[in-house]
Amino acid sequence: MATPGYPAAPHTAVDPTAGTAFRSAVDAVRAVEPRVADAIGAEIQDQRASLKLIASENYASPAVLLAMGNWFSDKYAEGTVGRRFYAGCRNVDTVEALAAEHARELFGAEHAYVQPHSGIDANLVAFWAVLSQRVESPALHRAGVRQVNDLTDEDWAELRRELGNQRLLGMSLDSGGHLTHGFRPNISGKMFDQRSYGTDPATGLVDYDALRATAREFRPLILVAGYSAYPRLVNFRLMREIADEVGATLMVDMAHFAGLVAGKVLTGDFDPVQHAQIVTTTTHKSLRGPRGGMVLCTSELAEHVDRGCPMVLGGPLSHVMAAKAVALAEARRPEFRAYAQQVVDNARALADGLLRRGATLVSGGTDNHLVLIDVSGYGLTGRQAEAALLDSGVVTNRNSVPNDPNGAWYTSGVRIGTPALTTRGLGTAEMDEIADLIDTALRGTAPATTAAGAPSKAQYVLDAQVRDAVAKRAADLLAGFPLYPGLDLA
Ligand SMILES: *Cc1c(COP(=O)(O)O)cnc(C)c1O
């Protein structure tokens, strides 16, 4: 049963015409390489059969999917709308301008750049836009030249040193931050001198006082807010205040929660676009569009952001920009607000259901689309819990918890999110059933014992009866919420 007022799965419904289009497309593939066609067919079966609680995934509409499979894929379009390095871009201009217009209107942004191929790329564009605005432009001005090619070798060497010696303050990984926010394994960690802020161990909430103290001492060029595994709201007004106080540019990476901003669930202090100079996002997570990225910014940063390609990006994926325009048009409809609210209501219902059954949640609950279960309460590592849940038909991913004693590989947490299942039409009543499935499967799992007699961090024993019963209940639940109803590839 879906929550009253939230329609069951209209978003993935496939009408007969679109159904024919998908079938013909797969047939055309089959004629060349049948194994690819088989994999496509198997993928939709897998997606239909899995109870997908991965917080970063979703299901795009048939219109979004179909907008990607066409001749825009063949077109090179380096540059920006109306200013291309290639001839014949008028149709690409149409879709890129539309996507940018929808993005500006939807988010109330002064400028939108829709070319980034992914969230990582969007962050790179943003970092280099800020470096261009605040480091490169002043250096060119000082030298009295218009562009880098006009600098002397000495001035160029000095500018390169300066570009490579800037500071960035971002959220720590185990508090829910992202690798691209200045961590060493990512290029951002090699570009910037990075420090991080975290959450208060007592509350699990961002410690703004500690953050302010670190910012005052460290004086970063860029303060990054945004997360992939923080279950609460971030006060972006306060973040901007801190950034302004220390002369930093506030950048918000809303890759995970862009759909909640688009759907007006996050407003006021919690709407990043109102407070940050630059905002990056993916388009395929809670925003429910094609796999891709996007940058929103103030007009002062626009010319710097627009240099993304060829600065750090390859030629724009015009077919994906077409799909972004479709997805953003969908997100401007009133139904999307109902969807975003339902995502949050569902996450809260899931958290409440888990808490009632005795689970431990990081920060004690959720205010957004995701829940982080501390599975050490079940005597398991994140890796064991993730695997036992998968065996039972429940798809999640393991995740560190703050100060995780099991490190980033085994971890002590499991992250779950509601954007995908909400798109499928599941409501709060189903979330309570899912909480029971998770709790039942984890209670039925124990760590295996190593040869030395200690509990293993990877191996586990899952009661087969529990596994089969949970898997059956998960399948029964999904049967009531067909995914891409109307589509039959056979
Ligand atoms: C998912 C995510 C990204 C990366 O997105 P990709 O499209 O996979 O490159 C960047 N930042 C945050 C906060 C994310 O959650």
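Including glycine, each Cβ sits where the backbone N, Cα and C put it.
These features come from TrEMBL:
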BINDING   Leu173, Gly177, His178, Leu179, Glu300  (6S)-5,6,7,8-tetrahydrofolate binding site
DOMAIN    31-133  domain 'Serine hydroxymethyltransferase-like'
DOMAIN    166-438  domain 'Serine hydroxymethyltransferase-like'
MOD_RES   Lys285  N6-(pyridoxal phosphate)lysine
SITE      His284  site 'Plays an important role in substrate specificity'
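Here the domain 'Serine hydroxymethyltransferase-like' (31-133) is broken down by DSSP into helix, strand and coil counts: 62 helix, 9 strand, 32 coil.
Among the binding-site residues Leu173, Gly177, His178, Leu179, Glu300, the residues whose Cβ sits under 6 Å from any atom of ligand 1 are His178. Ranking the binding-site residues Leu173, Leu179 by how many Cβ atoms sit within 10 Å of each one's Cβ puts Leu173 at the top.
On the 0 to 100 pLDDT scale, the domain 'Serine hydroxymethyltransferase-like' (31-133) averages 96 in this prediction.
Taking Cβ-Cβ distances under 8 Å and a sequence separation of 6 or more, the neighbours of the residue listed as 'N6-(pyridoxal phosphate)lysine' in its chain are Ala55, Ser56, Glu57, Asn58, Ala255, His256, Ala258, Gly259, Pro419. The number of other CB atoms found within 10 A of the CB of Gly177 ((6S)-5,6,7,8-tetrahydrofolate binding site), across every protein chain shown, is 24.
His284 (site 'Plays an important role in substrate specificity') falls within neither a helix nor a strand when secondary structure is assigned with DSSP, and so counts as coil. Binding of (6S)-5,6,7,8-tetrahydrofolate is attributed in the record to Leu173, Gly177, His178, Leu179, Glu300, and the widest Cα separation among these residues amounts to 30 Å. A gap of 17 Å separates the Cα atoms of His178 ((6S)-5,6,7,8-tetrahydrofolate binding site) and His284 (site 'Plays an important role in substrate specificity'). Taking a C-beta cut-off of under 8 Å and a sequence gap of six or more, His284 (site 'Plays an important role in substrate specificity') has these contacts in its own chain: Glu57, Asn58, Ala60, Pro290, Arg291, Gly292. Summarising the environment of Glu300 ((6S)-5,6,7,8-tetrahydrofolate binding site), the number of other Cβ atoms within 10 Å of its Cβ, over all protein chains shown, is 12.
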